[in-house]
Amino acid sequence: MIRKNIALVAHDNKKKELIEWSKQHRDSMENFDIYATGTTGRLLEQELKLPIRMLHSGPLGGDQQIGSLISEGKIDALVFFWDPMEPLPHDQDIKALLRIATVWNIPIACNRSTADLLFSTPVLLRDYERLKPDFSEYENRKL
Ligand SMILES: O=C(CO)COP(=O)(O)O
């Protein structure tokens, strides 16, 4: 079975929820290589006792690092519990991450119920072969 890569990110007001959720799904987590932004990653490592590939903290570029990995085809799913109630200094990075994940057709779970759905099926782990978007029209456009 090919190991899949998952990115986990949560804003401060959502970290508790992400940790609870990931503990609930710890068995499934073991099957993934986990990437996370700095503070989220540190907390997850403490709680799950699983290796986490830690990136920068979000405001220092972590969202952009995950976006870059997505555009290189290295992330298979994104669980991003972002905070809908508070503006953050790196709002543009957050928007950019959500955008690039959409562009590359990555499954994105932004709340617990969607994350539960994502993990309630073995599809993501086993036979899930994400349809790669066709960018040829964009790449070959005549200017
Ligand atoms: O800000 C974040 C995502 O936008 C998350 O960063 P931290 O995991 O470092 O808190």
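Here the Cβ of each residue, glycine as well, is placed from N, Cα and C on the backbone.
Caution: TrEMBL annotation is automatic and unverified by curators.
For Asp63 (active site, proton donor/acceptor), the count of additional Cβ atoms within 10 Å of its Cβ stands at 27 [all protein chains shown]. Per TrEMBL, active site, proton donor/acceptor is recorded for Asp63.
The DSSP secondary structure for Thr39 (substrate binding site) is helix. Note on Thr39 (substrate binding site): other Cβ atoms within 10 Å of its Cβ, all shown chains, come to 19. Positions annotated as substrate binding site by TrEMBL: His11, Lys15, Thr37, Gly38, Thr39, Thr40, Ser57, Gly58, His90.
If you look up TrEMBL, you'll see 1-143 marked as domain 'MGS-like'. Mean pLDDT, taken over the domain 'MGS-like' (1-143), works out to 93 on the 0 to 100 scale.
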Discussion item. Tell me the coarse DSSP state (helix, strand, coil) of Asp63 (active site, proton donor/acceptor).
Written reply: helix
Worksheet, complete the sentence: Neighbour count check, CB within 10 A, over binding-site residues His11, His90; minimum at His90
Discussion item. Same chain, not part of His11, Lys15, Thr37, Gly38, Thr39, Thr40, Ser57, Gly58, His90: whose C-beta falls within 8 angstroms of the C-beta centre of the substrate site? Give them in sequence order.
Written reply: Val9, Ala10, Asp12, Pro59, Gly62
Response to the item:
Top of the binding-site residues Thr37, Ser57 by count of other CB atoms within 10 A is Thr37
